[in-house]
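Q: The structure that follows is given in the form of structure tokens.
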Amino acid sequence: MLPVDPDRFLQDLHALRRFGAAGTGKGVSRPGYSEPDIAARDWLAGRMRDAGLAPRFDPVGSLFGLAEGRSLLLGSHSDSQPEGGWLDGALGVIAGLEVARAAREAGGPPISVVSFEDEEGRFGVTTGSSVWAGNQTLEGADALHDPSGLSFAEARARFGDRRGDFVDPAQFSGYIEMHIEQGPLLDATGEALGVVEAIVGIRDMHVTFTGQQNHAGTTPMHLRRDAFQALSAFNAALSERFANVVTPQTVWTIGHVALHPNAPSIVPGRVRFSMQWRDGDADRLDRMEQIIRDTAADIAASHWMDLAYGPMLGLDPVTMDRGLRGALEQAAQAEAPGRWRVMPSGALHDATNVARLMPVAMLFVPSIGGISHDFAEDTAEADLVTGLRALARAAASVAG
Ligand code: HGY
Ligand code: MN
Ligand code: MN
Ligand code: MN
């Protein structure tokens, strides 16, 4: 067992929380490549250096704290959603830092840490780890834009001469990511830890309906080509058509809508919206894509809309490595006897990409009320510390 220091871990976790503090100080707004995100990474690089790790930014802004030689990699991400919680990603990075630091102090096995950039998908889907793992090419990522029109190429240039080369994944023996559950299960059962068996797959694309902008007073209803009405009809039709295909675990979300020109007295001429769907079965994800495209085409025809699609992004479901998962199960039983479970992840994580490169596993701690991607996200301090200890125990048993 590595001698982790829970107080030092909690201090660092709260120090990271100050970057982009928002929502009366409880949550954070720290999207990838924002000023608070870059400042947080500079702070984190300093903490890595203090811990005896060599900080290194890669070309997309992911920050590694490297131990010498072949090492186990721990971490997650330190960017957040535009309205995000203080633990989503930050927990795995700071817990990884504490375990790596404790290992160095105790003369233990080499352990490295990473904070991947843009896990929250300002530009793509888990952009930083996707590019590192080859699920997305750098050229392909560079052509992506955030909702304001900023390109990924412009955004990553903000790291300037901090950036070095990509880190060679061959120097890592495996990757363990600790994370908050972001769902209601552990909180409801009163269990302290979740060992992840698999992470769901995701598909994500933008759809645009273009009709005819016009005067909202003079244009008769039957002559309108109203983009909002098209979106509204699309959403209703989609829910009906999905009914025979989805399971209770399947989810889909229209989370970002840009209505043009978005004014009370103008019939909206254009709407661009995000369409995202997730499931543990890649075939079902493909069937859903076909239903989305068929439904959009039917609505475009019935509402006199032109139809266009943005790039299709996605990651298939992945299962966790048996060996690393076993180490987490043993550690969970030691730290929280009878108070842990094996469970799937409905949220996406950098581990999905890293699984292309090396064995990966994940450990969850409870989310109070199951709330995440919201300023109110939180976890009881005792659960944070139990998670840290279980991570340290598992890392000690597989590293070196
Ligand atoms: O949306 C997700 O599942 C992740 O938090 N980016
Ligand atoms: Mn996360
Ligand atoms: Mn998230
Ligand atoms: Mn007028």
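Cβ atoms are placed via backbone N, Cα and C, with glycine included.
A TrEMBL annotation is a machine prediction, not a hand-curated record.
Not my notes, these are from TrEMBL:
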BINDING   H77, D88, H179  Zn(2+) 1 binding site
BINDING   D88, E120, H373  Zn(2+) 2 binding site
DOMAIN    201-300  domain 'Peptidase M20 dimerisation'
Q: Hey, which of the binding-site residues H77, H179, H373 is the loneliest by Cβ count within 10 Å?
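A: Selected from the binding-site residues H77, H179, H373 on minimum Cβ neighbours within 10 Å: H373.
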Q: Near D88 (Zn(2+) 1 binding site), how many other Cβ atoms are within 10 Å of its Cβ?
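A: Excluding its own Cβ, the number within 10 Å is 27.
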Q: What is the separation, in Å, between the Cα atoms of H373 (Zn(2+) 2 binding site) and H77 (Zn(2+) 1 binding site)?
A: 14
Q: Round to a whole number and give the Cα-to-Cα distance in Å for the pair D88 (Zn(2+) 1 binding site) and E120 (Zn(2+) 2 binding site).
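A: About 10 Å separate the Cα atoms of these two residues.
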Q: Taking all residues of the domain 'Peptidase M20 dimerisation' (201-300) together, what is their mean pLDDT?
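A: Across the domain 'Peptidase M20 dimerisation' (201-300), the average pLDDT comes out at 98.
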Q: Would you identify the secondary structure of E120 (Zn(2+) 2 binding site) according to DSSP, in three states?
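A: SS state of E120 (Zn(2+) 2 binding site) = coil.
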Q: Which residues, sitting 6 or more apart from E120 (Zn(2+) 2 binding site) on the same chain, put a CB under 8 Å from its CB?
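A: Set apart from E120 (Zn(2+) 2 binding site) by at least 6 residues yet with Cβ under 8 Å, we have P31, G32, H77, D79, S80, Q81, G84, D88, G89.
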Q: Going by DSSP assignments with H, G and I as helix and E and B as strand, what are the residue counts for the domain 'Peptidase M20 dimerisation' (201-300)?
A: 38 helix, 33 strand, 29 coil
Q: If you check the binding-site residues H77, D88, E120, H179 one by one, which have a CB less than 6 Å away from any atom of ligand 3?
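A: Listed by sequence, the hits are D88, E120.
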Q: Filter the candidate list D88, E120, H373 of binding-site residues, keeping only entries whose CB is under 6 Å from an atom of ligand 2.
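A: From D88, E120, H373, counting a Cβ under 6 Å from ligand 2 as near, the near ones are D88.
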Q: Once D88, E120, H373 are set aside, which residues in the chain still have Cβ within 8 Å of the Cβ centroid of the Zn(2+) 2 site?
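A: Output for this site, in sequence order: S80, Q81, G84, G85, G89, E119, Q182, S372.
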Q: Beyond the listed site residues H77, D88, H179, identify every same-chain residue whose Cβ lies within 8 Å of the center of their Cβ atoms for the Zn(2+) 1 site.
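A: My list of surrounding residues reads S76, L87, G89, A90, L91, G92, E119, E177, I180, H349, D350.
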